[in-house]
Amino acid sequence: SFGLCRLRRGFCARGRCRFPSIPIGRCSRFVQCCRRVW
């Protein structure tokens, strides 16, 4: 969910996570939770 993604210091990205971020979960069905690698 959006809140959980925020707690894990991630952000919601539609479709795919773009470099330099990696997927760490989901915000919704078509939205991934991403986190920057650096």
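Glycine is treated like the rest: Cβ placed from N, Cα and C.
Here is what Swiss-Prot says about this protein:
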type	residues	note
DISULFID	C5-C33	disulfide bond
DISULFID	C12-C27	disulfide bond
DISULFID	C17-C34	disulfide bond
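Projection of Swiss-Prot feature records onto the structure.
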{"residue": "C5", "record": "disulfide bond", "Cβ neighbours (10 Å)": "22"}
{"residue": "C12", "record": "disulfide bond", "Cβ neighbours (10 Å)": "17"}
{"residue": "C17", "record": "disulfide bond", "Cβ neighbours (10 Å)": "19"}
{"residue": "C27", "record": "disulfide bond", "Cβ neighbours (10 Å)": "20"}
{"residue": "C33", "record": "disulfide bond", "Cβ neighbours (10 Å)": "22"}
{"residue": "C34", "record": "disulfide bond", "Cβ neighbours (10 Å)": "21"}
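A gap of 5 Å separates the Cα atoms of C33 (disulfide bond) and C12 (disulfide bond).
Listed in sequence order, the disulfide-bonded residues from C12, C17, C27, C34 having a Cα within 10 Å of the Cα of C5 (disulfide bond) are C12, C27, C34. The distance from the Cα of C17 (disulfide bond) to the Cα of C27 (disulfide bond) comes to 12 Å.
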